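*Asks:* Handing you a structure now.
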Amino acid sequence: LIFNQHNAEDPSLEQAPHRMAQMEPNLDHDVSWFLLPSHWAKMVVALISFLCFANSYDGDFVFDDSEAIINNKDLRAETPLGDLWYHDFWGSKLSSNTSHKSYRPLTVLTFRINYLFAGGFYPVGFHIINIILHCTISVLMVDVFSILLGGLQFSNKGRRINLAPKSSLLAALLFAVHPVHTECVAGIVGRADLLCALFFLLSFLGYCKAFRENKEGHAFSVFWVLVSVILGAIAMLCKEQGITILGLNAVFDALVINKINLLELIRKLLFIKDKSLEHAGLLRKGLLFRITLLMCGGVGILYIRWRIMGTGPPAFTEVDNPASFADSLFVRAINYNYYYSLNAWLLLCPWWLCFDWSMGCIPLIKSVSDWRIIALAALWFCLIGLICQALCSEDSHKRRILTLGLGFLIIPFLPASNLFFRVGFVVAERVIYLPSIGYCILFTYGFSLLSKQAKKKKILAVAVLGILLINVMRCALRSSQWRSEEQLFRSALSVCPLNAKVHYNVGKNLADKGNQSAAIKYYREAVRLNPKYVHAMNNLGNILKERNELHEAEELLSLAVQIQPDFAAAWMNLGIVQNSLRRFEEAEQSYWTAIKHRKKYPDCYYNLGRLYADLNRHIDALNAWRNATVLKPEHSLAWNNMIILLDNTGNLAQAEAVGREALELIPNDHSLMFSLANVLGKSQKYKESEALFLKAIKANPNAASYHGNLAVLYHRWGNLDLAKKHYEVSLKLDPTAPGTKENYSLLRRKLEQLQKKGGA
């Protein structure tokens, strides 16, 4: 559907030339930079953006990747595709009280496709897609910046003309090599920001296509406006920021297509008696109609999202965003503004980068005497200066570029600003992926102004080239830090030494590698920095429990559940410590408290069963372990303990039935094969028992007990030579095994007696 645009004059509007919205003067005239054909410019941008992040292609799953990908059941084939539309980014139900309400089903769908094509959790494929996406976005930025910096004009054949080839190339290069983008590209969960940015840009370019000329003259296409709205909706289904493109399209329409002077428009609406929309210029060229389409589309998208996710706000804690929990409105406002200044600084000087800025990394500003107030003053001094120039400058070209730059800088950042709802972070580098478009516009325009004034333009161009090269090297360095959790977490220690989460993650990484002594040091520091850090207390308590430092472990775990009474894991671990201290009643109570707070908790049922077994409450133990296997059918330890308990209490038939049931569910578990083989041996089913023992030994040939018990089977069976062989293998693997030594001595005496009888 094509609507003709009318050319009625209006005193508040600047006269447009015959071709669509060309900006005068040409920005490239003053820019001392490389001039390349469009396809070469895009190839250069693609190559350089690839070089920046190429070394992240074989990195591991790090940080949030574990929860969003490895532990996310929505990636697995057994989860119905329809569930993705009712789950959040992390695989939790949107209706759950614990959901973060981050609704990004299309991003999760791409993760699922990655997983299916790779045949498992292999990070290379995930990383390659992220790198390709960033390269694609950087190439699209050449077209986007050519419109934002040079204006929108089409040839007689309907092809868009790039009026600022040098400026758009520079801005696209600035975007492609910005180090703050590393988290989005090298961190796999950054896929959400990349996909959002891709459809965000496609929506903008689609909106621009609505203004191609046709045979009838100037016109706009409703079809392309609607396509733009749909692409905006897709962007939002990748990440929430995507919806902001609809507002930016409206700003672009008003400033570039209709050349509205905002200050003049405000003056007319406020001070002139005739306040009709037509007199104000809002009906010219169908602007009001298009903005109505954009608004209706945006409201419809938000309504559908609201119906799917429900009305409940996301559940965040004070450590995630301490300023939002401050009682004083003044403290909240001043800290929010300080966070904005930090985001601006990361765009200007992306040297200090950190995977997480929460938990004390940025202490709260509580009074005006705090020297950091200077950062707020500097931010608003710059913003107010730019806004004044954008509104009041007599140069229409400057007004449009500055307004578009500020629009692309501020509007995509609004969902992360804490203004409309609380967010779950203090500063997050990933959320300034889109706002960096505005930064690149302002930087390029500033460079053009300096070039205009500078006598030695080549020196200025070399300086900008130096900035680009430094950023390329910084991207490569930062990408290498994102390759593994150890490098990523340690890189944050120098940037955020007061961040308890940084110390916690370094400690957790060390503990996973078996370095408990070093892990304890970092866990203790995390607790010192944040005395209410229950997860650090829980992990530290676990390590101390394993080192038999039970009393300190109990103190830490008791404090953790006192601070967070619904912390199920800490209750379970407290129960384990109390069990080890032989305080059985308290341990049982702790286990049941854990189950109360987490109904489906198979590990807790398993530990509860161990407690009952220690107390000779065999029926209760079996019931607890059965509950564990119902909740988690692959819970090998619970199955094993059931078999062993039934075996030890003489219930061989029942033990055999349980063992066979377990092996049907977990056919390759050698410990289950071993336990069932013992039961079958006692039931004199020697052949079947032998087959299971041999299968278990094949799976785990260095288990001394497997060889020892197979030797006992052969001993009973009368296969003495094979018994001798496996006794010797068992003792070689574990020379201190007392039972095996005694049985081997008995066998040797028996063999000696047989030899004597044979000799006689």
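Glycine too: its Cβ is placed from the backbone N, Cα and C atoms.
Unlike curated records, TrEMBL annotations are generated automatically.
Below, the features straight out of TrEMBL:
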{"type": "DOMAIN", "residues": "312-384", "note": "domain 'DUF1736'"}
{"type": "REPEAT", "residues": "500-533", "note": "repeat 'TPR'"}
{"type": "REPEAT", "residues": "534-567", "note": "repeat 'TPR'"}
{"type": "REPEAT", "residues": "602-635", "note": "repeat 'TPR'"}
{"type": "REPEAT", "residues": "704-737", "note": "repeat 'TPR'"}
{"type": "TRANSMEM", "residues": "33-54", "note": "transmembrane segment"}
{"type": "TRANSMEM", "residues": "128-151", "note": "transmembrane segment"}
{"type": "TRANSMEM", "residues": "188-207", "note": "transmembrane segment"}
{"type": "TRANSMEM", "residues": "219-237", "note": "transmembrane segment"}
{"type": "TRANSMEM", "residues": "243-266", "note": "transmembrane segment"}
{"type": "TRANSMEM", "residues": "287-306", "note": "transmembrane segment"}
{"type": "TRANSMEM", "residues": "373-392", "note": "transmembrane segment"}
{"type": "TRANSMEM", "residues": "404-425", "note": "transmembrane segment"}
{"type": "TRANSMEM", "residues": "431-450", "note": "transmembrane segment"}
{"type": "TRANSMEM", "residues": "459-477", "note": "transmembrane segment"}
*Asks:* Within the repeat 'TPR' (534-567) only, compute the mean pLDDT.
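*Replies:* Here the predicted model's pLDDT, averaged over the repeat 'TPR' (534-567), is 94.
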*Asks:* With helix taken as DSSP H, G or I, strand as E or B and everything else coil, how many residues of the repeat 'TPR' (534-567) land in each class?
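*Replies:* The composition, in the requested order, is 27 helix, 0 strand, 7 coil.
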*Asks:* When each of 33-54, 188-207, 243-266, 404-425, 431-450 is checked against the transmembrane segment (128-151) for Cβ pairs under 8 Å, which one has the most?
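*Replies:* By the under-8 Å Cβ criterion, the transmembrane segment (128-151) pairs most with 188-207.
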*Asks:* Counting Cβ pairs closer than 8 Å, which of 188-207, 243-266, 287-306, 404-425, 459-477 has the most of them with the transmembrane segment (33-54)?
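*Replies:* Stretch with the highest Cβ contact count: 459-477.
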*Asks:* Report, as numbers and ranges, which residues of the same chain sit near the transmembrane segment (431-450): CB under 8 Å and 6 or more residues beyond its ends.
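*Replies:* Answer is 27, 30-31, 141, 144-145, 148-149, 167, 170-172, 174-175, 178, 180-181, 184, 190, 193-194, 196-197, 200, 241, 244, 343, 346-348, 386, 398, 401-402, 404-410, 412-413, 415-416, 425, 460, 464.
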*Asks:* Tell me whether the transmembrane segment (404-425) sits in contact with the transmembrane segment (243-266), defined here as at least 3 Cβ pairs under 8 Å among residues 6 or more apart in sequence.
*Replies:* yes
